[in-house]
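**Student:** Have a look at this one.
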């Protein structure tokens, strides 16, 4: 059920001091964090490196899906360029480590900054469009990024990509085993969960939700809709940069096919499976997609067909396949 835009706008204007649903949701997010850590630790206990590898992929997808939750779940901007931002982050790491010799750990803030800047640029380009047209415009921008990765051969290696990306080093030892890489990805995921939780109850988060509920009403109430839309794209780009860093340092190579539009579709499906704005459900959906990909890897025809099904689901269930089972509580502390 959609929350009441005027009441949400009252929070943004400062006329209301409390929002019970936001506070209870934040408490629920923090309370569930130990459970997330408990479940997420299972791949570390498994004897198979393959299970840890799938867990690492799931954690990376979780970071990507959380970024998409910000731009789409919170702000209502239906973008199809998220995989391109993921690629920007990964290629930033690959170029810096292989051509400049920068330490992989140092490339993390650089990848986040570059991907966030790319997200802001996409947000600026898409300011005047919304809905299905926004999806088309961001899809075109994402394809443009992929084209640059393919054609700028002197920097990106073209279709072959960049190989020999050095692994992360910890205490003088290279992190090349899947359990170690999964641990790094899990830490990144937990940090991103906490950041999203912090954003949700902030002034910016409330403004984004007001824009999602009714952009015209939010604008008429003085909310700078354009600025907050660009901010949402920027934050989602930063999260994609983290995921790109995880991918490049774990795999040791990057190539354009990894960051194509199919991945953007899968990321959107993760959020739609979970229901818009549901943090832990999004992580569970990301894990489900990672496991499903692993199971279907031996049947490429079925995997391709599943992408078609995913596109249909996106068209039919834009607000999520799973509806919220609660209704927004009333606001308290109105002045």
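Any Cβ shown, glycine's included, is placed from N, Cα and C.
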**Student:** Can you dig out which of the ranges 83-102, 203-222, 223-242 TrEMBL describes as transmembrane segment?
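**Tutor:** Matching range for transmembrane segment: 83-102.
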**Student:** Write down the single range among 25-42, 133-150 that appears in TrEMBL as transmembrane segment.
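**Tutor:** That would be 133-150, per the transmembrane segment entry in TrEMBL.
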**Student:** Before we move on, state whether the transmembrane segment (180-196) and the transmembrane segment (83-102) share at least 3 Cβ pairs under 8 Å, counting only pairs 6 or more apart in sequence.
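**Tutor:** Per Cβ check, the transmembrane segment (180-196) does not touch the transmembrane segment (83-102).
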**Student:** Below 8 angstroms Cβ to Cβ, which residues of this chain, lying six or more residues outside the transmembrane segment (58-76), approach it?
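**Tutor:** Beyond its ends, the transmembrane segment (58-76) has Cβ neighbours at 40, 82, 85-86, 182, 185-186, 188-189, 192-193, 196, 199-200, 205, 208-209, 211-213, 215, 228-229, 232-233, 235-240, 242-243, 246-247, 250, 266-268, 270-271, 274, 276-279, 282-283, 285-287, 289-291.
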